Amino acid sequence: MRISLNWLRELVEIKLSPEELAHILTMAGFEVEDIEDRRTWANGVVVGRVLERQPHPNADKLSVCQVDVGATETLNIVCGAPNVRADIYVPVATVGAYLPNIDLKIKPAKLRGVPSQGMICSLKELGLPSEVDGIYIFPQENLPLGSDVRPLLGLDDVILDVTATANRADALSMVGIAREVAALTDAKLSIPKPGEAFVSESVGKLGLKIADTQACPAYIGTVIEQVKIASSPEWLQQRLRSAGVRPISNVVDITNYVLLEWGQPLHAFDQERLKSVANADNLTIGVRCANQGETLKTLDGQTRNLTTQNLLITANDQPVALAGVMGGEETEVHEGTQSLILEAALFDSVAIRRSSRSVGLRSEASGRYERGVNRAELEIANRRALSLISELADGVIVHQEIADTRPDPTTWSRSIFLRLDRVNEVLGPINVGETGELEAKDVERTLTALGCELTPAGEGTWNVSVPPYRYRDLEREIDLIEEVARLYGYDNFCDTLPDKAEAGYLPVDQELVRKLRAALRAEGLTELIHYSLVKPGEDRQIVLSNPLFVEYSALRTDLLAGLIDAFQYNLEQGNGSLNGFEIGRIFWQEEDGLQEKDAIAGIIGGDTSLGKWSKGSKDQPLTWFEAKGILESVFQQLGILVEYQPDCRDERLHPGRTASLWIGGNRLGIFGQLHPQLRRDKDLPESVYVFQLDLDVLLDALDKDEILVPAFKPYSTYPASDRDIAFFAPVKISVSEIEKAINKAGKGLLESVELFDEYRGENVPQGQRSLAFRLVYRASDRTLTDTEVEPVHNKVREALVEKFGVNLRS
């Protein structure tokens, strides 16, 4: 937004230079992108009066003028403008003047043989826009000759190009910037009074019909008659030009002026043209969404094809304007306008943004509506415009209609609880006082300057009432703290070193998962990642209601299916057996609702050894025990003891070669060989083994002090005493159960138990097998004697006979 310092000085007392003011605004978050110092544009240009004009003797298009600039002698100036004539007041660039906009230094010269002692200037030569070819002629009479033209042309001004952040819609107006400058510099604020607009008594002049009160919560329509359309006074035109707005006519310029001053968009309709569009004398102004297929020719001359996303202003249901964006060409104010309807309205920011984007049209009005217009200043801006129209266009206000569904004005402000301790905690040390902390009076002074009202709520606490024009961006305590920091100045904060940082660390679960991944990779397994979405078809699957693809429309219930398919695909591609694992989430549904948990699964198969020369170039598939050994090695690296029990619940696994895994009495998962039928269906080798574990159960088992922080246990320096024990045991009794019983019976001296032989066949009773274990006894403080070992070993033998009914062979 372009800010005129001359205009700003009327609203707030400014004693700073333009550069100092620009620095303060930039430090407060309003970046000043450019400082346009117009005072240099017409330095040395004075008011002159053309006394006489004669044609140039040697050129048809040139004139020789005698110009009085208040000096002792008149100047002889050659001019090529077609509109130069005698007895007019003009800007004259005297000898020595420099015009930076055309890069010209005025020197005495001869033009076609006639001496010229200056130049009569046009507005373009002075850097100002102009729609008239030729020199500029002052409309005023009896101007002091030789006086500086800059105050007359608005060239005694400095323009700041200020960018407001997206959350500061209130700063898109001169009043908003004035409030900000007053708060930053502790200067006196002089907000312009809107004036009183007298509405004469009349009935039936205008009706309102708001179809969507959410999109248009407030609408004021005012009928004004006896309007005289003319050019705006010079002061108004100068202010519009300084803001980059082209003056058009007094009424249109007033609506643009109020937009710049208060940030409230307004629009003026020609009343007679509205009646023509509506084809009726009684008008009803409406606000509704467009119907598909409707069109509207806007003020830029473009015909817009409308959709239901566009919000319209209508006259008796006929489109006349894009609400909050741009008016229609059919109803614009023109030179012959004598009566008009002034629109002042509040439109929803989302509705305007959607409407603006759908037609690819942005305007000053839509930009402000999209950011949010202050609902408390609608009437002020409307009265200001009506007062100026009455003053500058002789308009008579004959009727006014208001449709207002805004909430009660008491809700236009909010109260926020603010704590002084929290302010200093967030901001840290500041260059203020001896303590380096803000005091209560500092906070009160800063927020009061912003227009907030503070009510003490205790020692160092306040209830802060936010003004309506800051309602949209001051919502929480942290917003108020930011305002305190911004107004106090970010450059006033102390330079402090950050506190000593602690070394970063991962949560225990993540550390354990990383340790688990490392253990699996150490065993030669590759980590795989599959989609969580799979084909539907299982009973317990959770199916998506709106999938992108039918093939990926259900959540996976386990990880094994994806691993088996990946193993098959790699074989088909000639890549050999894929030994891998995956950590991921699985999902299923039960009667009590949807369930999910993390799991880890793996697949092992084929010949894992390198080189076949020692095996006669033949594959040597993994046995069940070798595959189990890989998993056991992982558990050993993790420092946990897992028990195996026979299991045959999973139909995809071999019923006689499947075990469930248990840890601490909790089911950990399953391990087994693929079922022969599944192996044949997928054309897989015979020795393919899979496992799937409950990751939560595994992490709970690992999350123990003795595992997370291993304790040193000294090795015994004394020799061990070995004992072997062999017996016939029922096949239904697992080795793990037997080992558990042996460890319990030999507790104290027993160091380890190892199965070293299993035999089934001749000389073994039906339904039994021969098992042989090696038991190692050792003490940490002495060499064990036979008299110490034998009682313990006999206790083990007795426990096996008593618990399992084994037939001892040794």
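Placed from the backbone N, Cα and C atoms, the Cβ positions cover glycine too.
Annotated features, as they stand in Swiss-Prot:
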{"type": "BINDING", "residues": "Asp473, Asp479, Glu482, Glu483", "note": "Mg(2+) binding site"}
{"type": "DOMAIN", "residues": "39-150", "note": "domain 'tRNA-binding'"}
{"type": "DOMAIN", "residues": "411-495", "note": "domain 'B5'"}
{"type": "DOMAIN", "residues": "716-809", "note": "domain 'FDX-ACB'"}
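In terms of DSSP secondary structure, the domain 'FDX-ACB' (716-809) contains 30 helix, 32 strand, 32 coil. Figure note: comparing Cβ neighbours within 10 Å for the binding-site residues Asp473, Asp479, Glu482, Glu483, the maximum is reached by Glu483. In the three-state DSSP scheme, Glu483 (Mg(2+) binding site) is classed as helix. Confidence in the domain 'B5' (411-495), given as mean pLDDT, stands at 89.
Asp473 (Mg(2+) binding site) falls within neither a helix nor a strand when secondary structure is assigned with DSSP, and so counts as coil. Sequence-ordered, the extra residues of this chain that approach the Mg(2+) site, with Cβ no more than 8 Å from the Cβ center of Asp473, Asp479, Glu482, Glu483, are Arg470, Leu474, Ile478, Leu480, Ile481, Arg486. DSSP states for the domain 'tRNA-binding' (39-150), grouped as helix (H, G, I), strand (E, B) and coil, give 6 helix, 42 strand, 64 coil.
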